[in-house]
Amino acid sequence: MFRRILQRTPGRVGSQGSDLDSSATPINTVDVNNESSSEGFICPQCMKSLGSADELFKHYQAVHDAGNDSGHGGEAGLALTRDDITLLRQEVQDLQASLKEEKWYSEELKKELEKYQGLQQQEAKSDGLVTDSSAELQALEQQLEEAQTENFNIKQMKDLFEQKAAQLATEIADIKSKYDEEKSLRAAAEQKVTHLTEDLNKQTTVIQDLKTELLQRPGIEDVAVLKKELVQVQTLMDNMTLERERESEKLKDECKKLQSEHAHLEATINQLRSELAKGPQEVAVYVQEIQKLKGSINELTQKNQNLTEKLQKKDLDYTHLEEKHNEESASRKTLQASLHQRDLDCQQLQARLTASESSLQRAQGELSEKAEAAQKLREELREVESTRQHLKVEVKQLQQQREEKEQHGLQLQGEVSQLHCKLLETERQLGEAHGRLKEQRQLSSEKLMEKEQQVADLQLKLSRLEEQLKEKVTNSTELQHQLEKSKQQHQEQQALQQSATAKLREAQNDLEQVLRQIGDKDQKIQNLEALLQKGKESVSLLEKEREDLYAKIQAGEGETAVLNQLQEKNHALQQQLTQLTEKLKNQSESHKQAEENLHDQVQEQKAHLRAAQDRVLSLETSVSELSSQLNESKEKVSQLDIQIKAKTELLLSAEAAKAAQRADLQNHLDTAQHALQDKQQELNKVSVQLDQLTAKFQEKQEHCIQLESHLKDHKEKHLSLEQKVEDLEGHIKKLEADALEVKASKEQALQSLQQQRQLSTDLELRNAELSRELQEQEEVVSCTKLDLQNKSEILENIKQTLTKKEEENVVLKQEFEKLSQDSKTQHKELGDRMQAAVTELTAVKAQKDALLAELSTTKEKLSKVSDSLKNSKSEFEKENQKGKAAVLDLEKACKELKHQLQVQAESALKEQEDLKKSLEKEKETSQQLKIELNSVKGEVSQAQNTLKQKEKDEQQLQGTINQLKQSAEQKKKQIEALQGEVKNAVSQKTVLENKLQQQSSQAAQELAAEKGKLSALQSNYEKCQADLKQLQSDLYGKESELLATRQDLKSVEEKLTLAQEDLISNRNQIGNQNKSIQELQAAKASLEQDSAKKEALLKEQSKALEDAQREKSVKEKELVAEKSKLAEMEEIKCRQEKEITKLNEELKSHKQESIKEITNLKDAKQLLIQQKLELQGRVDSLKAALEQEKESQQLMREQVKKEEEKRKEEFSEKEAKLHSEIKEKEAGMKKHEENEAKLTMQVTTLNENLGTVKKEWQSSQRRVSELEKQTDDLRGEIAVLEATVQNNQDERRALLERCLKGEGEIEKLQTKALELQRKLDNTTAAVQELGRENQSLQIKHTQALNRKWAEDNEVQNCMSCGKCFSVTVRRHHCRQCGNIFCAECSTKNALTPSSKKPVRVCDACFNDLQG
């Protein structure tokens, strides 16, 4: 139906009118009616539908043949119907052709009715015509609607076909573009292959040079070592091959699974193709399904894109968080530095407090002999002790609260210093009273005892310092062990990374093979397209030939000759097809083999290059780690130097303070003798008051002991809290260090290729860093100045408080006017101390400048040393070149001898076996030569340990070269002896020459092939060697710097021990001198001068020692560098031999590994995902634990604050009670005279108790230090474990990223494969359609050959629809096939090969001619 509607044209009515048969025209209307709602023939009067024309004739005769009226009314009705039809034509202009055909059909029906029925009555005819016209109008309207709907459906079908055509065009364009891209890729690959061949040629030349170097004689001892290493390497390679075989088996299983899935998918594709071939109706359904699938695919791609965008956002957030984390870590480091400085300040204050405690002990020894002033001073001392204890607690709180209460702590420390000044003033007053009361001998003895106590204290301090040094040494050893462990772990991780990279490379090779297979498929598709085009051209040629044949047949020329020609052409074409297919198969197979060989070669070269790149990367990472360790060690050394300087300054300040005290004591002795007579009268009054005060003093001492016990408990709690805080801070620092290590590993992975270029820039950056450190130190100096200003402000505040206290203590001012003068002198001393501190700061700046100058000098020395090393390198290379030239001469002689031996070896098989044995002996001798070379290198390294004996070392090398020449001459003699033996064998075995010539030629060819392989491998070896030399030179340079720093540390420790021994000796001398102070005051000045001279000598000696050590370090660096070069040469040779064996085995197992590694990567991916989830859970649990610990610390801090407040309240209450008791006991001062003796005894016992308490405190401090050691050990272990965990996480992340990348690439390849499969399906469908068309053309060809002009008598029915011919149903011949049809089946006209004009044709022939 659709074809008929499409084939209707407005000009067809004219063509139909031109036909000879007038009865053929009504068929169009019949078709329209048949395809409308009614079926068959319709009666024009009653509009009844009938099955055939005979039935319509009978119906009309039986029903409507009532009478014959006049025809005038009918003619009028016809005119009316014509007017109505014209109106309908105007209303329906879009369907003019169909309306004309319907009108013409109605007129023809009327003519036939008039012929067979005659005239009827006019009235009946008029009524019948009116009804007929109305019925016809309704039928026409229905037909119009149907035609519109059919047009709409046809348009939809046309749009679908156009969409399909557009899709096919786009796919063809994509295929062509991919073909062009693959062509370009192939050209690039060919270029790469040419470059690789050039590189191989270069490497062959390099390998030949290396052969000349390797033919040098080694020592005998290194052969065993090399054998052991070879055995180890072979075992490792066996294990690797076993693992790779397992992986290949797994990959084969997966490949089989994939192939089965591929076969299943191909079966489903074939089913879909068969279903598509069933009919065009199902095409639309499949198209819709395809569109739905495409929509779902688009949705999935959008989801994937959204997920990738989310991942990218998360990655960006992660990077931001890492940056924030780095900033916080930097801020924490700055805070830690500031806390460290404040801790140092606190230590200085504690040192001052210890000095004040010693002065308090002296005051307690002298209290028993003082008067009323002593009571008030003791009360003030107790108040100072209580305030000092409060200040200690507050200092610890300040350490916890850090930034909030720093100012308050500084104010309290200022108050403590002022109170200590007052204590010193009171001590001087007590000393005056004590000097008046007692004789000079007692004073001297007591002072000697005090100095002995000071010496003991200093000895204790020295012992503590020695213990601390020992602890630091043990810590350093532990750190070294940890470093070694971490290095081992790092090496293991590098091995794992290398294995993972090898697996990934194998996977990449598999992917390249898959891509290559896809390219082959694309080429096949293109070939099929070319074949399709050729088939279309052949079809067009066949159609032209068919038309020629039709013309010949219609012209009446020989049909048999034409058929024979066609058969011969078909036979010839089939033979050509078979030949061409065989040629194509052969060419395709050869082409595939060539491509596979090229691909294998390219993959081998890529594997070699990637292995070399991995080694370079591993060496660069090791270099960077060593450099970081060097920097850390340098920082530690600088910190130790700073600590040592600070301690030496403290010792010097303590000695200066002692000298000042001695001068003060002498002045006091002189004044005390004069004041004794004046104060004897006052003693009687003071003695009474002392009796009363002793009782109070005992009670208060008991109270102080209780308070000290409480203080100890609080200190222990506070220490435990501090340890927890330090543990948490250490954990945080470790996490920060791990994060920094992760970032460093990322940056190292990204910048490993650019490190060699940036070596020059690194030096400039180091200079800039040094300048920044200087600026930071200047900032520290400015901070110290600000602290001094703050302290001056605190002093002013203290002065204000002093003025208030002076107003309250007017009575004391009258009695202690002398003390005020002493306080003024102390203020002056404080100002002097401030000035001394400023001078010390300037000295520190000068030291910094000196250090900078030393740095510049050391850099210049290093440059000079590097120049000298370069000169020595050039000399050594010249000597090596000379040795190489000698060895080349030897090799040439050996080669000539080998050629002679090969010519003579062709004579006999036995001679060949003897030659093989001799070759093995020569290999052994070559190994011995290598061993001798190594021994020579060892001798060279030993000779270079002393730079002064370089000339002697050169002479030794020349001697060894002479020995080598002698050994070469001995070898020549051996070869000549072998030649003699060979000649004897030739004379005996001339019979077997003909047979063995062929075998020897084959062996020579094999040897040449092996030599080519060796040359290719050695070229790779030389490139790797050059890279390794550069990297290892950097490594050994940094190792030499490390050794120098360690030696400097050792020298510093030795200096410390010497200084300590000097200090101990000086202190012993001071103790001996103190016993004879009165007798040797005159000799004191001379001894001090001697000590000053000794110190100057010590400084000069220390400078000389430093210079000598620097020279030693420079020389040792040079020796280490030369040793490293020799060791590098040996290691490089061993590595290259190992790499040759590895490469030979890797070439065999490369194809198997690629399949195994994909399965391993998938398993590893799943394991890593699981481990990632577990680690995330652990991290969450750790975070929760951290939060709990923080909350517990806050609660503990609040409790400590509450307890402190309670104690302050108790202390205030007790102070009030003490004041009340003092007022009560002032009345009973007279009784104090009797209890003087008792008090003196009690004071001595108290001093002993204080000594025991100090010893206990020292033992507790030792315990604390031991516990701190244990905690440090535990922290180190925790740090190691956390570092391993972090490294594992980093490795897992890297593997996950690689897996994700691999999955993305696999998905891309899968999409490409699906697209290619679709294209294959389309091409196969097109080929099938072409085959069908060819079959249909062959059928039509046979039909055309069998066609005959049918006769009217033989055919009674239509040959298409089967209608019986009658008067109404007439016969019509098809001008194409010659068969007879009815008018309905032969309505169409078309051009045929036998006619120039359009001729009546049946529907089938019309479709054939038009299609």
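Glycine is no exception: its Cβ is also placed from the backbone N, Cα and C atoms.
If you check Swiss-Prot, you get these features:
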BINDING   C1358, C1361, C1382, C1385  Zn(2+) 1 binding site
BINDING   C1374, C1377, C1402, C1405  Zn(2+) 2 binding site
COILED    78-1348  coiled coil
COMPBIAS  481-490  compositional bias 'Basic and acidic residues'
COMPBIAS  491-500  compositional bias 'Low complexity'
MOD_RES   S52  phosphoserine
MOD_RES   S70  phosphoserine
ZN_FING   41-64  zinc finger
ZN_FING   1352-1410  zinc finger
For each of the binding-site residues (C1358, C1361, C1374), count the other CB atoms lying within 10 A of its CB, then report the residue with the highest count.
C1374
Among the recorded positions S52, C1377, C1402, report those whose Cα falls within 10 Å of that of C1385 (Zn(2+) 1 binding site); none is a fine answer.
C1402
I need the CA-to-CA distance for C1358 (Zn(2+) 1 binding site) versus C1374 (Zn(2+) 2 binding site), whole Å please.
11
C1382 (Zn(2+) 1 binding site) sits from C1405 (Zn(2+) 2 binding site) (Cα to Cα, rounded, in Å) at a distance of 14
Between C1382 (Zn(2+) 1 binding site) and S52 (phosphoserine), how many Å separate their Cα atoms?
12
For C1361 (Zn(2+) 1 binding site) and S52 (phosphoserine), the CA-to-CA distance in whole Å is 12
Mind giving me a neighbour count for C1377 (Zn(2+) 2 binding site)? Other Cβ atoms within 10 Å of its Cβ, every protein chain shown.
21
Could you give the mean pLDDT over the coiled coil (78-1348), rounded to a whole number?
71
For the zinc finger (41-64), the DSSP helix/strand/coil residue counts are 12 helix, 4 strand, 8 coil
Rounded to a whole number of Å, the separation of the Cα atoms of S52 (phosphoserine) and C1374 (Zn(2+) 2 binding site) comes to 22
Looking at the binding-site residues C1382, C1385, C1405, which one has the fewest other Cβ atoms within 10 Å of its own Cβ?
C1385
Zn(2+) 2 site shell beyond C1374, C1377, C1402, C1405, criterion: Cβ within 8 Å of Cβ centroid
R1375, Q1376, G1378, N1379, F1381, S1386, V1401, D1403, A1404, F1406
Hey, what's the Cβ neighbour count for S52 (phosphoserine) at 10 Å?
15
How many other Cβ atoms are found within 10 Å of the Cβ atom of C1402 (Zn(2+) 2 binding site), counting all protein chains shown?
26
Grouping DSSP H, G, I as helix and E, B as strand, the residues of the zinc finger (1352-1410) number 11 helix, 12 strand, 36 coil
Given the Zn(2+) 1 site C1358, C1361, C1382, C1385, its other Cβ neighbours within 8 Å of the Cβ centroid, in chain order, are M1359, S1360, G1362, K1363, F1381, A1383, E1384, S1386
Residue distribution over DSSP helix, strand and coil in the compositional bias 'Low complexity' (491-500)
10 helix, 0 strand, 0 coil
